[in-house]
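Taken from Swiss-Prot as is:
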| type | residues | note |
| --- | --- | --- |
| DOMAIN | 68-275 | domain 'ABC transmembrane type-1' |
| TRANSMEM | 19-39 | transmembrane segment |
| TRANSMEM | 76-96 | transmembrane segment |
| TRANSMEM | 111-131 | transmembrane segment |
| TRANSMEM | 150-170 | transmembrane segment |
| TRANSMEM | 202-222 | transmembrane segment |
| TRANSMEM | 254-274 | transmembrane segment |
Amino acid sequence: MSLILPLEKPALNLRPLLWLLLPLLVLATLFFWPLSLIVEQALRGANGEIGLETFRQVVDSKRFVGALLNTLQIAFFATAGCLLLGSVMSLILVFIPFPGSELIGRVVDTFIALPTFLITLAFTFIYGSAGLLNGALMSLFAFELPPVDFLYSMQGVILAEITVFTPLVMRPLMAALRQIDKSQLEAASILGAHPLRVIGQVIFPAALPALMAGGSLCLLLTTNEFGIVLFIGAKGVNTLPMMVYSKAILESDYTVACMIALINIVLSLGLFSLYRLAASRTGVRSQPC
């Protein structure tokens, strides 16, 4: 007669849960807890009750509406400029090599490591009221006032952001362009395809994932950019990050500042969701930037 022995239950392995607990604890401490404090402060009205009183107050403000429109306008135009300039420069550096092209590529990489205020400071030295360009033009043509004054406007902010964030488009794009099979380009040229047609039908589809990855990163960063707008001091250019700073630091209105910051977070997440939706519609997989 054979005995049927009960199967031993496998011991519960808690080690994976312990490894997961540490990053969750770090996230909760450094991200979720501060975010919950911002949400609580934003939703707490003047009477101490939780509600949407502050939200209605902020949305009805013309200053907030203007800052929101400025933020979106700067973000979209700066991102479009980054995509256009980054695409042209990447195509030249990858497919039209010339002496010094590798050096230029390395210089572009170093731009990412530079603080944004340093680029803005360089713009001030070159295009400012007392900068090199205005000084040279006033000396040559005897102008009484500086003829170049775009730096302290929205156009100056957009140009500075394009200069700062274009390398974020170029890095993934140049890596994608180098992986394109050169035989496809040669075959298209032999068949008599125009260079613009080669770019549109061969290069662009292969580079689309890198373009969308770099463009989405530029869009998020330009939406939340604070240092460039503050350092340039553009007249009449108020953005959501600038409004958060002025409400919290200059006016000590922390409830309104938290509400604007919360709206800015929702705006950033919404823009990122639009990117993910567009990527899924076009069949593009997310790539690291």
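Easy rule for this one: first residue shown is 1, then count along the chain.
Here the Cβ of each residue, glycine as well, is placed from N, Cα and C on the backbone.
Only sequence-distant pairs (6 or more apart) were considered; of these, at least three Cβ pairs between the transmembrane segment (202-222) and the transmembrane segment (76-96) are under 8 A, so the stretches are in contact.
Residues 258, 261-262, 265 of the same chain lie 6 or more positions beyond the ends of the transmembrane segment (19-39) yet place their CB under 8 Å from a CB of it.
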